[in-house]
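These features come from TrEMBL:
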type	residues	note
COMPBIAS	1-11	compositional bias 'Basic and acidic residues'
REGION	1-20	region 'Disordered'
DOMAIN	43-508	domain 'Amino acid permease/ SLC12A'
TRANSMEM	46-65	transmembrane segment
TRANSMEM	71-92	transmembrane segment
TRANSMEM	128-147	transmembrane segment
TRANSMEM	159-180	transmembrane segment
TRANSMEM	186-206	transmembrane segment
TRANSMEM	275-294	transmembrane segment
TRANSMEM	314-342	transmembrane segment
TRANSMEM	376-394	transmembrane segment
TRANSMEM	400-421	transmembrane segment
TRANSMEM	442-469	transmembrane segment
TRANSMEM	481-502	transmembrane segment
Amino acid sequence: MGHSDSEKYASDLDNQSPIGATPAIEDIELGEGGLKRSLKGRHMQMIAIGGSIGAGLFVGSGSALSSGGPASLVIDFIIIGFMLLLTVNALGELAALYPVAGSFYNYSIRFIDPAWGFAMGWNYAMNWLIVLPFELTTAGITIAFWTDPQNTGTPSINVGVWITVFLVSVVVVNIFGVRGYGEVEFVLGLIKVTAIIGFIILGVIIDCGGVPTDSRGYIGAHYWHEPGAFRNGFKGFCSVFVTASFAFGGTELVGLAAAEAANPRKTIPKATKQVFWRITLFYVISLFLLGLIVPSDNDNLSQASGGNTRYSPFVLSFQLAGIKALPSIFNAVITLSVLSVANSCTFAATRTIQALCARGMGPSIGARVDSKGRPYVVLIVTLLFGCLAYINEAKDGSTIFTWLLSISGLSNFFTWGSICFAHIRFRKAWAMNGRTTDDLPFAAMFGVIGSWIGLALNILCLVAQFYVALFPIGGSPDAEAFFEAYLAAPVVIAFFIGYKLYYRQWTLGVKLSEIEIDEGRREVDLDAFRAEMDAERAEKASWPFWKRAWDFWM
């Protein structure tokens, strides 16, 4: 793609139309008043490692342990983790090549179908818009660990006060634009990583009976035998998938941040590889240890949801071991983690909606970006959505909030499955143009086969959740319970069909032969780029085996 083409793609957003098989992808962070490329390598890697670790892991894993047992907890998180590893690799390949704003939905528009991309874009945006007030509420409730130590239900300081404090904090962070987001995520990510590593070390000590205040002594795998490795049979096993998907939600943010990365060709591959260690170390190992030191039949676990951190299995593990100070310290970590996710919610929602509006799939006013690289119109709207957190203060607020959250329940599976399928379609178009993986700045570690497996696992998870929604644990089929669990599916379908009807676009899918595969790339001189890649590969080929292995995984 020549200089004139690059300028063409970056200059005039108003001329874009969502109609057509393969609309041009805009690298809209270019030019005056565009998004800024302020995210450095350390920001990208910390976003990949700890960006979305929050209440889903620290609190939600408790209810999952209660409903499925320790074996279901670990197995389901391994399955979802493996699926995410495949998905993020596919995303990393696309994002390193096309570091464009609104990457996920853009790839769906370009390689699957414009209507599906439209549905995925707004599905993803709505997910984060709704999760933001949920996280603010959760952060407020975590404070009740100290303000209502007896769990009377009437904390000394109203939760609404803390919601206001945390909402103002998110506003302040966003005043500093993407650099503020990156720095906050870097610091909070370090805190989360340190806390989990500390828990893993202490968990081993507790399990081996090394805590003097723990009357249980050596525990070993006792809780896997009594009360047992599995609970509630196959339903219990399936029910853990949604908890796992919520806990892993946000892993794909590294791809969304590509448009604002200073050097995506270098930073995206490194950040993508970090996901393996995040999944293995922070989720699988910590949850395995959790199942060893906390019995799955503990009555408190069934109440572990949202911001009820007093029922967090991590906090319970310290209390059961008789350790006095750590429950409060870890609760503080959970509070900071939830704020981190609220920060990520704002980033994800604003960048996705801004990109949708820039492409003509939303109000044009939403595409505006100020001189500091902040999509200020969408940012104001997103932060106003944070005020929905106050709904919980109303008498029937929790019911309304439950229905709002149900819209985002399956959002992650649709997003991840679409990424995998877009990668599969991209590779076909890439090959049709005579290109090979040697022409890619980063090739997915598991190739197209990995994306097929990832797509299949996403579909299986949707089927498993459909089963649990239809036949809930301990209950009979109920329409209200079903739609609370599965409402996201008809919402996505409504977006898809609505686009088709509005634009009278009756064809399904895009023609791969019509895709301009070099649109949206930052590399202008493709020959020079290929020469640079060949030189890098030649250098790596001369490295010793251990260094090549390190580079593959790190």
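Placement of Cβ uses the backbone N, Cα and C atoms for every residue, glycine included.
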(request) Return yes if the transmembrane segment (481-502) and the transmembrane segment (400-421) have at least 3 CB pairs under 8 Å (sequence gap of 6 or more), otherwise no. (result) yes
(request) Test the contact criterion for the transmembrane segment (128-147) and the transmembrane segment (186-206): 3 or more CB pairs under 8 Å, pairs 6 or more apart in sequence, then answer yes or no. (result) no
(message) How about the transmembrane segment (442-469) with the transmembrane segment (314-342) - do they touch, taking at least 3 C-beta pairs under 8 Å (6 or more apart in sequence) as contact?
(response) no
(message) What residues elsewhere in the chain lie close to the transmembrane segment (400-421), defined as a C-beta under 8 angstroms and at least 6 residues from its ends?
(response) 83-84, 86-87, 90-91, 94, 104, 107-108, 111-112, 116, 120, 123-124, 126-127, 130-131, 133-134, 137, 242, 245-246, 248-249, 252, 255, 388, 391-392, 394, 451-452, 454-455, 458-459, 461-462, 465, 483-489, 491-492
